[in-house]
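Reviewing the structure listed below.
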Amino acid sequence: MSVGFIGAGQLACALARGFTAAGILSAHKIIASSPEMDLPTVSALRKMGVNLTRSNKETVRHSDVLFLAVKPHIIPFILDEIGADVQARHIVVSCAAGVTISSVEKKLMAFQPAPKVIRCMTNTPVLVREGATVYATGTHALVEDGQLLEQLMSSVGFCTEVEEDLIDAVTGLSGSGPAYAFMALDALADGGVKMGLPRRLAVRLGAQALLGAAKMLLDSEQHPGQLKDNVCSPGGATIHALHFLESGGFRSLLINAVEASCIRTRELQSMADQEKISPAALKKTLLDRVKLESPTVTTLTPTSSGKLLTRSPVPGGKKD
């Protein structure tokens with residue numbers, strides 16, 4: 001099995017690192033495409049030994065499981081570009097927020113009668129094999145296809161199948177959740193520094209507190225409210241701190257954050273359905289539609305041993 005990523009950004013980098021660290025895939029079995037080869041994430045993928053190309057079509061040809069790891073509004077243009085190269089063997093996995101299975105299937109069915117499509121939502125902690133992933137299978141995807149994706153994603157954290165109409169809410173909760181946690185941790189560390197702690201120690205203590213709390217919750221069957229109560233002594237420091245958080249609307253802010261992320265996810269789907277995208281974004285993403293300033297394109301070609309090597313064709317294209 002080989003895995004391809006259309007897009008070589010943070011998500012592709014995190015998944016590739018997670019898959020290789022888990023031992024479920026070797027780096028030479030992974031390929032990623034990006035129109036820009038000087039990105040930090042591309043450099044990280046290169047150091048891992050992942051195959052890299054500027055051609056999205058090349059990525060499709062050399063993969064069995066294909067992750068669409070680009071911005072939601074770019075998905076329709078990607079599908080138009082690679083549709084003719086998608087074959088019956090491919091499992092097309094959309095990781096883009098808000099992009100529905102039906103919209104991907106509709107595009108691909110112009111080229112292939114029964115495309116196997118899976119929609120998933122994951123998060124960046126897959127990098128350290130502590131991700132949270134849900135997925136929903138499309139009309140033509142087999143049970144075995146879903147099981148294969150679950151095997152992949154379970155190697156980098158928690159993974160479960162859900163109904164598709166729940167995925168937007170998942171995006172607002174666990175998809176965006178790490179950012180909420182990082183912001184909270186940054187603020188906690190600031191509080192520690194304000195009260196005299198060195199920054200490095202404050203960050204470490206805050207991170208360990210969040211990590212420990214999460215592990216306690218996952219390892220127990222207790223409600224988070226009960227675990228919270230267990231920390232609060234009558235008249236103690238913690239209950240006074242919680243009162244301060246409550247008076248500032250702490251719970252409501254988190255609820256509203258999840259809701260805002262979910263609503264924005266649905267707006268992104270609307271943009272994707274209308275195929276709205278700026279010319280600049282299109283130029284950055286689609287190599288085959290918009291010529292890059294440099295006519296040299298790095299592609300991958302199989303050798304007689306089955307390995308993939310990079311090659312650069314002789315420049316011959318004209319600039320627009």
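Yeah, the Cβs are placed from backbone N, Cα and C, and that goes for glycine too.
Per Swiss-Prot, the features are as follows:
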- 6-11, S34, N56, 69-72, 95-97: NADP(+) binding site (BINDING)
- A8, Q10, L11, S34, E36, N56, V70, K71, A97, N230: NADPH binding site (BINDING)
- E164, A237, T238: L-proline binding site (BINDING)
- S2: N-acetylserine (MOD_RES)
- S304: phosphoserine (MOD_RES)
- 298-320: region 'Disordered' (REGION)
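Features as recorded by Swiss-Prot, highlighted on the structure.
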{"residue": "A8", "record": "NADP(+) binding site", "Cβ neighbours (10 Å)": "30"}
{"residue": "Q10", "record": "NADP(+) binding site", "Cβ neighbours (10 Å)": "15"}
{"residue": "S34", "record": "NADP(+) binding site", "Cβ neighbours (10 Å)": "25"}
{"residue": "E36", "record": "NADPH binding site", "Cβ neighbours (10 Å)": "13"}
{"residue": "V70", "record": "NADPH binding site", "Cβ neighbours (10 Å)": "27"}
{"residue": "K71", "record": "NADP(+) binding site", "Cβ neighbours (10 Å)": "19"}
{"residue": "C95", "record": "NADP(+) binding site", "Cβ neighbours (10 Å)": "25"}
{"residue": "A97", "record": "NADP(+) binding site", "Cβ neighbours (10 Å)": "24"}
{"residue": "A237", "record": "L-proline binding site", "Cβ neighbours (10 Å)": "10"}
{"residue": "T238", "record": "L-proline binding site", "Cβ neighbours (10 Å)": "12"}
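For S34 (NADP(+) binding site), the nearest neighbour among the recorded positions S2, L11, V70, A237, T238, judged by Cα separation, is V70. Per Cα geometry, A8 is the residue among the recorded positions S2, A8, C95 nearest to E36 (NADPH binding site). A separation of roughly 8 Å, to the nearest angstrom, links the Cα atoms of A8 (NADP(+) binding site) and V70 (NADPH binding site). The residue listed as 'N-acetylserine' sits 16 Å from A69 (NADP(+) binding site), taking the CA atoms of both as reference points. Between the CA atoms of A237 (L-proline binding site) and Q10 (NADP(+) binding site) there is a gap of 40 Å.
Counting only the Cα atoms, the space from C95 (NADP(+) binding site) to V70 (NADPH binding site) is about 8 angstrom. When the neighbouring Cβ atoms lying within 10 Å are counted for each of the binding-site residues (I6, L11, E164), the highest count belongs to I6. For A97 (NADP(+) binding site), the nearest of the binding-site residues by C-alpha distance turns out to be V70; the candidates were L11, V70, E164, T238.
Among the binding-site residues A69, K71, E164, T238, the ones whose Cα sits within 10 Å of the Cα of L11 (NADPH binding site) are A69, in sequence order. Cα of K71 (NADP(+) binding site) to Cα of E164 (L-proline binding site): a span of 19 Å.
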